[in-house]
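Have a look at the structure below before the remarks.
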Amino acid sequence: MATAGGSGQPLCSGPPARTSALPAKKEFDVDTLSKAELRMLLSVMEGELEARDVVIEALRARRKEVFIQERYGRFNLNDPFLALQRDYEAGAGEAEKKPVCTNPLSILEAVMAHCRKMQERMSAQLAAAESRQKKLEMEKSQLHVLQQEHRKLSARLEDERGKNKQVVLMLVKECKQLSSKVGEEGEKLEEAASKLDAEKRKTGELEGALSAERQKSSQMEARMEKQLSEFDTEREQLRAKLSREEALTADLREEIDKMRKTIEQLRKGNDHKPSLSLPRGKAKDRRSVSVSVGTEGPASRAAACQTDPVVEGADPVKKPPVAVPAKPSSAGPLASGTTKGGVGKPSVGRQFSHGDLLTSSSPSIPGPPRIQENGPSSGSTPEPTGSALMPLLNNAPPPAASQNHSLTSSTPNLHSPCANAASYPALNPRVQAARFRFQGNANDQDQNGNTTQSPPSREVSPTSRDNLVVRQLARNTVTQALSRFTGPQAGAPASPRAPHPGEGGTGPPSGGRASAKTPNAPRVDRGNPPPIPPKKPGLSQTPSPPHPQLKVLKDSGRPANAGAKVDSKTGVPPPSAPPHGIRVMNEENLAKSSSPQPPPKPAGDLAPAVPAGCALPAVAASQVGACLGCNPGPSQPACSESSHAIPTAIACSSSINPVSASSCAPWASHSLLVAASGWPPSLTPLLTSCGPVSLGGRPTRLHQAAAQGNVTLLSVLLNEEGLDINHACEDGSSALYSAAKNGHTDCVRLLLNANAQVDDADKNGFTPLCSAAAQGHVKCAELLIAYHADINHAAEGGQTPLYLACKNGNNECIKLLLEAGTDRSITTSDGWTPVHAAVDSGNVDSLTLLMYYGGPESENSGSKDQTGLGSREESRGAMPVISADLINQADKEGWTAAHIAASKGLKNCLEILCGHGRLEAERKDKCDRTAHDVATDDCKHLLENLNALKISVRISVGEKQPAVCGSDDFEAENTICALNIRKQTSWDDFSKAVSQAVTNHFQAISSDGWKRLEDLTFNNATESSVGLSVSSILSVKLGSVTWSTGQSFSQPPWDFLQKNKVEHVTVFLSGPQEGCLSSVTYASMIPLQMLQNYLRLVEQYHNVVFHGPEGSLQDYIAHQIALCLKHKQTAAGFPCEIVKAEVDTNFSKEQLVELFINSACLIPVKQPPVSKKVIVILENLEKASLSELLGDFLAPLENRSSENPYTFQKGNGVANSYYFHENCFLVGTIAKSCLQGSDLLVQQHFRWVQLRWDGEPIHGLLQRFLRRKVMNKFRGKVPSPCDPVCKIIDWILTVWHQLNSCLSRLGTPEALIGPRYFLSCPVVPGHAHVTVKWMSKLWNAVIAPKVQEAILSRASVKRPAVRPSPSQGQQAVVKAALSILLNKAILHGCPLPRAELDQYMAEFRSGCFPLSMVSSYSGSHRKKGESGSWRKVNTSPRKKSGLSSSQTWTKQEATKDGVRNDTGHQNGNSIASLVKQKSLENGHPQVLHLDQRLSLGSDDEVDLVRELQSMCSSKSESDISKIADSKDDFRMFGSSRTDPDPEFSPTMSDRSLPSSEKEVCPLSSNPTLECSNNTPKPESGVSRVKSFLPVPRNKVAQCSPNPKRSNSSSSSNTRQREINNNLKEEFWVLRKNIQ
């Protein structure tokens, strides 16, 4: 046993040893081991377990050996007990044997199990200990941190205390300094005020002295001006006299020179020139007219001769001159030019022969030898002939000087620079210089025949102006005379590109005429450049005058160049003959150069000149053989920019061919036939398109007749046999082509009926239909199409008739061709389509037709619009009929129609192109440029917005809008703008755009006036005047998706909005639910700052009352403030409830107590305060007595605690005590401007918030509200101030302000009206009468009853009403006041015209006074300073005597009764009046004749009379009548006032008659009526008391001594704000303090 016990001892010692090792293991922290160490520890532990298992297995295998060893190895023979035991065990059976001692294996297993349990228990205890240790460490760390923070806060608190002490000390010091400074500033202010008064006095004195000096200076200036005018007149007279003397001297010198030359020529034996003889009888007449240039004197004798004007017959009805015969010769241009016949005798009796040639030597430039008619004249130079001058009073240009000149001139005007601009070697350069000097400096006629004068150097008196006209005509005459010598040669025509004749080139001879030039003729110096000749002869817009008569030459034996001489009977044209030449307006060169300029090269000699705007007649053209060739293709219209500059009104260039002999034969038979057939009223520009052919050729005549539209000649020619009607000229054009080109429908019909080829094209491939379409001749085109012309024919360049029509903008032709089914897609050789042509020319209507005409929409609109265009808005909604390929067709350069429109800035065309849904705006040309790359700025903006989505932005008002009386048209959302969302728009851009739109809207509605959005400066950071900004936005809804500013989605805005089909963006503002008042501010237009201030007052004082005039939104403000306060308290965790009660006349104090108790405002004294917040709103407190209703609650409300209880006794006699707790808020509303009587006792116990009509927030509320309403109607845009809607809104604002101002002046504050009634003003653009009707209803339903009640209550406030109905005097006062208010406040400024307003006058309840008595209340018809409707009113009594009058009316006519007021005492005064009264009851008017007397001593009507007197006796000037009465006439009762009583003349008027308070009508301002005994006749200068009562027009007209002053009684339209605490004498009171 000892062995067993000894052997077991080591086994049982294991667990204690492991237990003793636990404290050592505590130092081993598993949490601090790394991952690798933890893996090592795990592996070690696993190895230990495996080793333990091996040991156990080994012990089990060796248990027998161990047992034997333990049992027998230590036994010996010394112990007998051991031997016995051994024997016992060996002898007995194994089953019966019992172990002597415990099995060691079982002991080992038990020990091992016990060790395992202990190990698990210790591990659990170790883990718990570790967790507790960790928690303890964490708490220790937190405690340490808190201790550190506590130390820091303590230190900071000490620092703040020190700083606060320093700040307090500094503030105290600053307060002391400021107080001392205030005293010093007060002293300085007093000193400055005294100095200011002194300066004002000095300034007044200086102003008086200055005004005196101004008067003196003005008088001196007037005298100086008079003297200067006299000096100017005298100077001009002397100048005129000097010019006459100079002219006379020059004429005498000229006569002397000519006589000397004549004598010399006679001596040489030149007797064959009878034209050189000068009749002496005419020399005397020459001295009567001055021909000198007004601004220059003659430089030398030779120059004076060269610049003398040549006479031109100006009056065709004067006696014709004697023709000077001339022999046929081959003389040069000068010789032929000097043999022209004379002209008409001037009106001054002065006349010269055109054959007077004065010769003088030319030493500077030797001229070549020249051939003269009767032999050479060596060394002689022809000079212009002097002539007389006749003033052309009718501004008619002079007729032709010679027929030869008319046949050879190529000028559109005699005075045109291109008329005589050619330089010829046979002329003296001094002559040319003089000629162009007159052309450059003279204020000659412009190209339309109008006299265009340059500003004269001095033009003071009429004499100088007359002299200027004389000088002007002198210059014109000289220019005409010189043009004859510098005109082109008749026999030397030249093409525009031919060499100049002066440079050595010579033209072919014509008709036997020999050239006068020699091949070696030197060039003449051309001097300075001449004015630029006109380049657009086809732009003349003057009508075509009658065609000139054909002049038949009698001398058939003369050559062609001798045709200058004509018979004297035919040489003078009839009075209706057109001026010689063609006047063509040059749009590019209207301003002429003032310096002399040399002549340009001649553009070519054309055949006979015709009047402006007319084509050349066929006969006249054929006489010279001038046939005009056409450009390739049909000619452009006369106003086309590409037309060449030629003299006649044609649009194609022409090369002039030599004259054929046959064409000049005057005896040709067909010439007479054409002449006899009659000229058409209008000659076309394109007369022929063939070469020079004989006039006898029938095809030529056929072309000419077709071109001119001569149906008679054309029908004669078509009836001839053997005529080829399809004959083509050199350019390939036929007669049908010419007729179609010139728009002669009858000729086209004749040719087509004669089987002319309808598609016969010219050399360039243009058919008659192409020509008609290009020129816009729709009737011709319609005929050609009816005869099956090819509508898709393409010329050589690919131009189709549709292309040409689009190019020239001929919409009717386009429509005709489209109806005929022409192809829109045919391209030219350059790749252009008709769409390109229409866009290139900028024809919007043509492009619209191309894109939309032919569809169902255009068919429907065609019945409404004859042109088929329809409105552009309708075409935008229609579907285009052209394909996408055609709209995107590119030319050779890759340009589409969009490229062309964008590059030229044609925004309208580009907008129509963009209307096609399949336009490829991003298509590039061959240079990789899109339409956007080549576009202008406007077109770039249009292209950027091509695919943009237009999303309207709205601001939700919801249920926060104020309840408006009678308004049912308020919208829950207001549209503020429309955003363009493009594909490239990001969410940041979208957020900025929305924010900017909201900010702009806030700024617009709160700005002054109708300023446009672009005129205002906006900034996101700044708030509007109402306090709203971007921060006021709560959320934004994109359709049904909620979005906030700055938020982004995965899709871009464009895709997101298009996918969700968002049509508008709704902006929600922060409201009372969020504890904010932004939405309330926007809904009511009350500034946010003021609402926040009201909320603060309710939270701070708990007892607040809002009071103001009726309709000042007191109830709305109280409810919104309570709602916001409720949500704020709820958000803070306090339950809150709003209790609303409406007070009426039957509302008792017991009901109020029950309300307080039920709402938990009053709680029993024994009950502790509750945490529930209660807001009680008492509305309409003005209907009850405040002292009776709230008198017992004043102390408990002011001191809320159980110490100040309120004892309430119930009906059963039980009395309970209650008190108000701190969580109760009481808000009241009163529709009254001020308290009176006993109610003033309640005032000090509440916080009162006054809502004044003339102060914010009420003063500008109506303006902001109506402006927002107007902007909503105009989709967020601000209309122009001139828009009728703006004018009607301004009128409504003026009505409200003027109405309250007048009521304030009348002393009736209870009648003041808030803006609530005016918020329902209808805004209907284009229907101003709707607003006027609404105003009449508002007047009848609200304004008039309130005014009537207020006036009656004022008049009878001193005594109770004895009678159930108002007396006649009271009714008279009410009607007079209503008439005053109607005309002064309501009708004044109405934008409706007078006639329209007359129709609505019967709807206003104020009487039936004729509207003619009302002054110009429409502000649009009078200037602001002239408006007589508003006058500054000061109702203090007048101190001067005046005149009074009385007016009475009957039903049919107004009759005047004298009202005499005798001077007397109180008991002797009486007033007699006759009043017409119209009863409005049951709609039947009744006339009441009141003949009763109102005693001034009675207490019944005296107050009313005094009130009427007070109204009519203000210091403002009245426009109705004067009250003729002395200040001593009325002495009523003893008055405490020291000032004399104002005068009064009672006037009874109908309540429906419109009148004016401060001005009524343009009646006489000082009518003389029957006056009192003391003042029988009014004197001028005596101050008169003004009456505001209406006066009939007929009576005023009878007694008005000066009717011209009827409209002069107007004053400035200025008003100032009326303040309730003004002086008593500045009010219109309806009751005086009478003792």
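Placement of Cβ uses the backbone N, Cα and C atoms for every residue, glycine included.
Within the set 193-219, 220-246, the record from Swiss-Prot flags 193-219 under the feature region 'Disordered'.
Residue ranges 1-20, 821-840, 921-940, 1001-1020 are listed, and Swiss-Prot annotates 1-20 among them as region 'Disordered'. Counting residues per DSSP class in helix, strand and coil order gives 16 helix, 0 strand, 14 coil for the repeat 'ANK 2' (731-760). Break the repeat 'ANK 6' (893-923) down by DSSP state and the numbers are 16 helix, 0 strand, 15 coil. As a summary of secondary structure, the repeat 'ANK 1' (697-727) carries 20 helix, 0 strand, 11 coil according to DSSP. Cβ atoms under 8 Å from those of the repeat 'ANK 3' (764-793) belong to residues 632-637, 731-732, 734, 736-737, 739-745, 748-749, 752, 758, 799-802, 804-805, 807-808, 810, 812-813, 816-817, 820-823, 826 of the same chain, restricted to positions at least 6 beyond its ends.
According to DSSP, the region 'Disordered' (193-219) comprises 27 helix, 0 strand, 0 coil.
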